[in-house]
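Residues annotated as transmembrane segment in TrEMBL: 20-39, 51-74, 95-120, 140-161, 173-196, 216-237, 258-284, 337-356, 376-395, 415-431, 451-475, 481-500.
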Amino acid sequence: MSSLKKGVFIMDKVQSNRKITTMGLVLIIFSTIFGISNSQTAFYQMGYASATWYILGALLFFIPTSLMFAEYGSTFKDAHGGIYSWLEKSIGKKWAFIGSFTWLAGWVLTLVSLLTNMWIPLSVTFSGVDKTQTWSLLGLNSNETIGILSVFAIILITWVANRGLNAITQISYFSGIISVIDIIIFVGLSVWLLVLQGGHFAEPITMHSVTQSPNSAFQSPVSIFSFLVYAIFAYAGMETLGGVTDNTKNAKKTFPRAVIIATVFMTLSYVVSIFICGISANWLKDLSGSNINLGNVRYFMVTNLGSMFGEKALHMNAANSVVLGQWISRFMSLTGFISYFGEFLFLIYAPIKSFIEGSPKDFWPKKMTKLNQNGIPSFALWIQTLVVCLIVLGVSFGGSTAQAFYTILTDMNNITTAVPYLFLVVAFPFFKKNFANNQVGAIFYHRRITINFVTVITMATLALSIIFTSLQPILDHDLQTAFWTVFGPVFFIIVAWIFYNRANKKA
């Protein structure tokens, strides 16, 4: 469940409740941001060594930006434009529009990622294993077939979304509950298996394993540092809760205390989850195959976990243990598909509606801001669908392998998600300067030297992670991956610039 979706639902609930206590805020932050799939992705890419980068991500990104967003949200609690309002009052309309348009781009590319990944759990549900790499439609290869299916799927989902909010809300709530069930099953079976194995991990815990990635793709300094963008993505979403400070009891003390507690709890949860993956999965034995990629790795882990559980706990033979693993994977794949669908249905509507309603109307053609009889910006949704279709077809018909296909989509999504945070962090000193004498609400950064130091450290963390993630495929002479990795933010920044200049000329 995405941070935006959970954040919106929680904010709706918060607004009708009493003041939030420290522990209540800790639970809100944790439930909004934490996702066990981030730990599974981390283990697949860097093994136990990924835990160090998740700790750094918390210290260098999550804590400082959370307090920044709390100040933004508290000061602009009556503004309805989200991060557009924050940026406009700090660095002006132009950069506010470009920055928030890039924020929207992050969600558009999340749609692309969800759209192409949702076929994997569907395949596992029916086959017990991921067979998407064998799919072929009208002589097309697997990536091209997934691309065509994805185009038909988003057209159908956009049509459903245009029918109104009732269907969106009901499916989204249901998919959120399902995602919690998935976590309970994976963690519960893993801990049970660990007890049965007498504390033995399939992936041995050694000094080498916690400092060195077993993945050959993460051996150079550039590739290792580029992993930080994955850690940043794992902590993304706090901006959706920026306005919650107004509903927090004694916010000046409660919010920083809750952020620190939530950071410790969430970082420990990510680290523990990464090591939990190693209870049943040995990286070289179970995850190094060419048929495993960022899209299907979690289902390979679940199947492997179920097989080992059948063998150790139920004393099944090897064949029956594999069957049990496949059935557990089928169930979690079905719930995963429902969760994907619910999340997709929500994200196709909420971000673009929020952005269009929050930004100045004169920046948009009249058709883009017009709502249909169900209160949905129908034309804007169909334009968004066209953009998603073009990106999906561009990547899927690019001739890459399945592994490269999902890596491209993941990296492109992660970088485009990280870029808007650069705007928010860079704008923060200007925000503090502009509102030095009339800032209201919670204030956590007081001294100018502290503000500048935190801004520089956080900005450097974001910038270097983005640069190294973009640089790595170039060093590998993989120009296709390099192009698509930087395509997202560059393309949408250019589009935003064109929209802004067009609006200025009309004015």
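The chain as shown is numbered from 1 upward.
Positions of Cβ are set from backbone N, Cα and C atoms, glycine also.
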Range from 51-74, 95-120, 140-161, 173-196, 481-500 with the greatest count of C-beta pairs under 8 A to the transmembrane segment (216-237): 51-74
With a cut-off of 8 Å between Cβ atoms, can you find at least three pairs linking the transmembrane segment (337-356) to the transmembrane segment (376-395)? Only pairs 6 or more residues apart in sequence count. yes
Would you confirm whether the transmembrane segment (140-161) and the transmembrane segment (258-284) meet the contact rule of 3 or more C-beta pairs below 8 angstroms, pairs 6 or more apart in sequence? no
What else in the chain is close to the transmembrane segment (481-500), if you only count residues 6 or more beyond its ends and a Cβ gap under 8 Å? 93-94, 97-98, 101-102, 104-106, 108-109, 363-364, 391, 394-395, 398, 400, 404, 407-408, 411-413, 415-416, 419, 469-470, 473-474
Recorded stretch that, among 95-120, 173-196, 258-284, has the most CB pairs under 8 Å to the transmembrane segment (20-39): 258-284
